């Protein structure tokens, strides 16, 4: 059983979701949002870093999936999003997690079955797949979707030789 962390990065709200991949499916472990407030960007990035670090310490995932930066119409927003991603990635690297990146389309395809799904469809499928009674916050459900996508992609690699890959320095090398 593998614990997987999913991160939906943002400079104001970063969603996180932790699932347990049992090999026969995924089970819900935890989810939530790291809220940074309206302070200076450097302080908000520190909050993202510390928040992700705390989630990793608390739940002990060994691998992380994170959403890739999309091309936003507003360059300033895209840069801030990229910096928030960087803060989350550094927290994961410092904890020794293996990291994979997924586009929003890949996540929607893995969770809903279509890359054209909206956030509410992802949220409903996350609830169904993880047998959740209450709706998670939208950023947390996106993060859980990223974790489910990561679990799906990890499983699809196993028949193609990943199981025979050699471990070097604590990281899988193909």
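The backbone N, Cα and C atoms fix where each Cβ goes, glycine too.
Pulled from Swiss-Prot:
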ACT_SITE  8  active site
ACT_SITE  67  active site
ACT_SITE  139  active site
BINDING   8, 139  Mg(2+) 1 binding site
BINDING   67  Mg(2+) 2 binding site
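Here the features listed in Swiss-Prot are placed on the structure.
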residue: 8; record: active site; DSSP (3 states): strand
residue: 67; record: active site; DSSP (3 states): strand
residue: 139; record: active site; DSSP (3 states): helix
- Task: Tell me the Cβ neighbour count for residue 8 (active site), meaning other Cβ atoms within 10 Å of its Cβ, over all protein chains shown.
- Result: 28
- Are there residues of the same chain, six or more positions away from residue 67 (active site), whose CB falls under 8 angstroms from its CB, and which are they? 7, 8, 9, 85, 101, 102, 103, 104, 107, 142, 146
- Intrachain C-beta neighbours of residue 139 (active site), sequence separation six or more, cut-off 8 angstroms: 8, 10, 13, 14, 15, 33
